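Undergrad: Pasting a structure below so you can have a look.
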Amino acid sequence: MGWSLRMWIVSILVLTQLVNGALCWGDAGHYAVCKIAQSYFEEDTVVAVKKLLPESANGELAAVCSWPDEIKKLPQWRWTSALHFADTPDYKCNYEYSRDCPKDWCVTGAIFNYTNQLMSTSENSQSIVHYNLTEALMFLSHYMGDIHQPLHEGFIGDLGGNKIKVHWYNQETNLHRVWDDMIIESALETYYNSSLPRMIHELQAKLKNGWSNDVPSWESCQLNQTACPNPYASESIDLACKYAYRNATAGTTLGDYYFVSRLPVVEKRLAQGGIRLAGTLNRIFSAKRKLARA
């Protein structure tokens with residue numbers, strides 16, 4: 001099966017899930033992050049991203065941002081499974097790259113890796129290594145969403161909440177899925193008439209109003225770095241301890257209070273993920289950076 005056909009099938013599956021309401025950070029959340037990012041692309045980034053996207057995406061990065069989730073269980077892609085998270089020691093509530101990303105094999109390491117691969121398009125490199133830059137773009141875009149989900153930097157002992165069995169209202173599930181899926185799904189049903197575009201529009205409005213003063217600091221990187229995922233991981237485990245794990249022990253029923261008090265955290269992380277993805281891609285594809293390195 002050719003690349004274009006495989007990507008067309010994956011895109012149809014993702015769009016079908018969105019229409020039918022099978023929504024989670026793995027599809028609705030990632031779609032939102034990438035859709036928000038697209039609205040903050042600089043002109044050079046728009047051109048570069050469209051060149052790299054498969055034809056099936058029709059110029060929409062958001063259409064393929066769930067691709068890494070779609071493929072990670074396939075035999076040839078199982079090696080990518082560990083790149084979606086960075087587990088941290090139980091109850092320490094902090095993140096350290098040297099401790100939590102052994103051999104660079106975690107979500108932060110993946111963000112650095114795929115950033116470097118995409119940067120190869122901006123450098124006069126004589127390297128004999130030829131990367132698949134379409135895959136690099138989709139992996140980077142997806143992992144930038146993952147790192148902003150607090151439980152993707154959760155405790156190693158419970159696998160980021162996957163081992164914590166809870167009820168979301170009357171549905172049996174686990175804590176990780178609550179944050180991947182159910183908070184977003186409940187928000188769509190409760191506030192947005194099950195419309196993902198309406199939710200994204202509301203987040204974009206908040207970025208122009210309530211969060212507008214925060215956007216410059218969200219999108220920037222210290223020390224003139226192109227990518228800076230370590231602070232994002234630190235934020236996530238801090239939020240996991242303060243919000244995700246709190247009052248959510250095994251056997252707990254999570255309802256209105258948990259939903260209403262945690263939804264603002266989820267919404268802000270989606271917005272931050274979008275802004276930071278745009279900032280990273282803008283730095284990668286900036287014409288000024290290309291000229292500076294020429």
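Numbering starts at 1 and runs along the chain as it is shown here.
Placed from the backbone N, Cα and C atoms, the Cβ positions cover glycine too.
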Undergrad: Write down the single range among 142-191, 192-241 that appears in Swiss-Prot as region 'Substrate binding'.
TA: 142-191
Undergrad: Select one of Asp69, Asp90: the residue that Swiss-Prot places in the divalent metal cation 1 site alongside His84, His142, Asp146.
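TA: Within the candidate list, Swiss-Prot flags Asp69.
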Undergrad: In whole Å, how far does the CA atom of Tyr97 (substrate binding site) lie from that of Cys106 (disulfide bond)?
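TA: Here the two Cα atoms lie 9 Å apart.
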Undergrad: Of all the binding-site residues given, namely Pro75, Asp87, His176, which is spatially nearest to Asn224 (N-linked glycosylation site) at the Cα level?
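TA: Closest by Cα distance to Asn224 (N-linked glycosylation site) among the binding-site residues Pro75, Asp87, His176: Asp87.
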Undergrad: Can you grab the distance from Cys221 (disulfide bond) over to Asp69 (divalent metal cation 1 binding site)? Cα atoms, rounded to a whole Å.
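TA: For Cys221 (disulfide bond) versus Asp69 (divalent metal cation 1 binding site), the Cα atoms are 27 Å apart.
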Undergrad: Of all the binding-site residues given, namely Gly29, His30, Asp69, Asp87, Asp146, which is spatially nearest to Asn193 (N-linked glycosylation site) at the Cα level?
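TA: Nearest candidate: Gly29.
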Undergrad: Whole-number Å only: compute the distance from the Cα of Cys101 (disulfide bond) to the Cα of His176 (divalent metal cation 2 binding site).
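TA: Roughly 20 Å, rounded to the nearest whole number.
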Undergrad: Which of these recorded positions is closest to Ile71 (substrate binding site) if you go by CA atoms: Cys93, Asp146, His152, His176?
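TA: Its closest listed neighbour, by Cα, is Asp146.
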